[in-house]
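Q: As annotated in TrEMBL:
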BINDING   A:G109, A:L110, A:G111, A:E112, A:G113, A:R114, A:E207, A:Y208, A:L209, A:R210  CDP binding site
BINDING   A:T138, A:N140  Mg(2+) binding site
BINDING   A:S195, A:E202  FMN binding site
DOMAIN    A:106-224  domain 'Riboflavin kinase'
Protein chains: 2
Amino acid sequence: MVLIKKEDSLSFDEYGALKTLARIKKKHGSIRLSSSELGEMLLASQQTASRLLIKMEERGFIKRVLTGKKQNITLEEKGINALYEEMAELSDLLGIMENFSISGTVSSGLGEGRYYVSKKPYVVQFSEKLGIIPYPGTLNVKILSEDESKLRMLRANEGILIEGFESDDRTYGDVKAFGCRIKNVECAAIFPYRSVYKDIIEIISSEYLREKLSLNDGDLVKIDFTIRN
Amino acid sequence: MVLIKKEDSLSFDEYGALKTLARIKKKHGSIRLSSSELGEMLLASQQTASRLLIKMEERGFIKRVLTGKKQNITLEEKGINALYEEMAELSDLLGIMENFSISGTVSSGLGEGRYYVSKKPYVVQFSEKLGIIPYPGTLNVKILSEDESKLRMLRANEGILIEGFESDDRTYGDVKAFGCRIKNVECAAIFPYRSVYKDIIEIISSEYLREKLSLNDGDLVKIDFTIRN
DNA sequence: ATTACTAGGTCGCGAGTAG
DNA sequence: TCTACTCGCGACCTAGTAA
């Protein structure tokens with residue numbers, strides 16, 4: 001049986017192994033073990049652990065460096081994400097973290113945001129799906145390091161899909177949006193669907209937030225999210 | 001392979017099925033389906049779904065009532081708990097919810113709490129493991145319904161074990177404690193290890209909290225937790 | 001020591017089917 | 001229709017072992 005096998009999702013074995021590796025990383029900072037050690041932790045044989053590691057590396061969840069005696073293992077983005085996705089699913093299912101906030105400091109610098117608020121196909125969808133006619137500019141918030149895991153979990157949620165499109169010169173990708181509030185002003189956090197993790201959140205709003213909320217670079221802001229799937 | 005098979009823990013299949021059932025319950029309020037419907041959702045056969053349901057009922061995760069055409073399924077405490085435990089594990093692993101708070105109203109009424117703060121073997125451990133020499137009385141807080149899922153998740157964490165003991169007249173069970181703060185006063189939430197879920201938290205503290213914080217029945221209090229395993 | 005291949009055995013899934 | 005049994009086959013685990 002292949003239960004709930006969404007493409008690219010983890011098998012049970014992989015999930016268990018990934019959790020074990022994450023636990024080691026949390027405790028020791030890095031992961032260095034032999035296949036028999038892993039096998040022992042998983043209550044499985046050395047061979048099974050070895051096979052698992054190979055499969056997980058093939059599938060891009062981890063990276064390995066064999067150093068004769070042990071293996072140095074690093075969790076790849078995809079592997080970490082898989083855990084956050086599981087977490088997001090459970091959180092949704094159990095109704096935990098329906099409300100939470102992420103804090104960071106206002107920063108300047110242009111991400112992809114300028115496209116989102118200027119290209120019409122995006123703007124139309126923001127209006128329809130979020131009720132936001134974006135002010136032509138995004139507010140960039142650099143997330144406090146202690147809130148980064150919350151950001152990762154947020155991004156692991158489904159969110160509201162803003163579809164990408166093609167134009168003459170280039171392709172504009174899908175975007176994932178989450179409604180949020182800063183000091184009770186409605187806004188939305190937007191993330192490119194396919195992009196590596198960054199510690200920056202780009203916020204769009206119908207208002208010019210910097211002016212409306214008197215924000216300057218370096219100011220601390222709290223972004224309040226309400227997740228409802 | 002039987003990966004990470006703590007006694008009584010879920011198999012992958014059971015975990016997946018439980019999540020699916022929980023999702024249905026969240027959406028429809030109750031669970032009513034046939035084994036083939038469940039099989040379809042799990043991308044497995046009717047037979048497998050049937051076997052799973054039987055096994056899960058045997059193991060006490062769910063209860064079933066067969067009504068000819070479909071089955072009415074309810075999630076048992078043990079099943080719900082299993083999901084919260086998984087959530088707690090992931091949350092710990094990923095460093096989410098290291099800090100959170102649960103709110104409720106001050107209520108009177110005596111739970112088991114009076115034993116915890118009066119029986120010496122408990123008191124000794126509170127002192128050693130928590131640094132709290134408990135005031136002889138507990139503060140009972142009735143949790144707001146919207147925070148109940150947080151309470152369940154809290155209880156699914158390991159916590160600090162306060163061991164039970166035997167006395168002449170009866171047995172005093174193990175207790176699970178979590179350090180917390182109310183308005184920056186250090187205290188601890190304590191739960192009998194083996195007990196059904198209640199929406200009451202019993203708080204112990206070195207101080208007489210009602211006086212120290214001028215609390216009366218019905219007052220709203222916020223309990224701040226910091227989880228570190 | 002390691003990793004990881006091959007071979008063989010076991011476990012569990014799903015087809016068929018009874019009630 | 002349902003549930004749930006039997007049973008054959010395939011998947012996957014471990015033992016043995018090479019490198």
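Each residue's number is its place along the chain shown, starting with 1.
Cβ coordinates come from backbone N, Cα and C, glycine included.
Predicted automatically and left uncurated, TrEMBL annotations should be read as such.
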Q: DSSP-wise, what's the residue breakdown of the domain 'Riboflavin kinase' (A:106-224) into helix, strand and coil?
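A: Here the numbers are 31 helix, 40 strand, 48 coil.
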Q: Among A:T138, A:N140, A:S195, these being the binding-site residues, pick the one whose CA is nearest to that of A:E207 (CDP binding site).
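A: Out of the listed candidates, the nearest Cα belongs to A:T138.
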Q: For the C-alpha pair, I'd like the distance in angstrom between A:N140 (Mg(2+) binding site) and A:L209 (CDP binding site), rounded off.
A: 11
Q: Anything within 10 Å of A:G113 (CDP binding site)? Look among the binding-site residues A:T138, A:S195, A:E202, comparing CA atoms, and list what you find.
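A: Final answer, ordered: A:T138, A:E202.
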Q: For the domain 'Riboflavin kinase' (A:106-224), what's the mean pLDDT in this predicted model?
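A: It averages 94.
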Q: Where among the binding-site residues A:G111, A:G113 do you find the Cβ with the fewest other Cβ atoms within 10 Å?
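A: Checked A:G111, A:G113; of these binding-site residues, fewest Cβ neighbours within 10 Å: A:G111.
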Q: Cα within 10 Å of A:G111 (CDP binding site) is the criterion; apply it to the binding-site residues A:T138, A:S195, A:E202 and give the hits in sequence order.
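A: The binding-site residues passing the 10 Å Cα test are A:T138, A:E202.
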Q: Taking Cα-Cα distance, which of the binding-site residues A:T138, A:S195, A:E202 are within 10 Å of A:L209 (CDP binding site)?
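A: Taking A:T138, A:S195, A:E202 one by one, the ones whose Cα falls within 10 Å of A:L209 (CDP binding site) are A:T138.
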Q: Of A:G109, A:S195, A:E202, which is closest to A:T138 (Mg(2+) binding site) if I measure between C-alpha atoms? They're all binding-site residues.
A: A:E202
Q: Hey, what's the widest CA-to-CA gap across A:G109, A:L110, A:G111, A:E112, A:G113, A:R114, A:E207, A:Y208, A:L209, A:R210, the CDP contacts in the record, in Å?
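A: Largest Cα to Cα distance for the CDP-binding set is 19 Å.
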Q: Looking only at A:T138, A:S195, the binding-site residues on record, which one has the least crowded Cβ, with the fewest other Cβ atoms within 10 Å?
A: A:S195
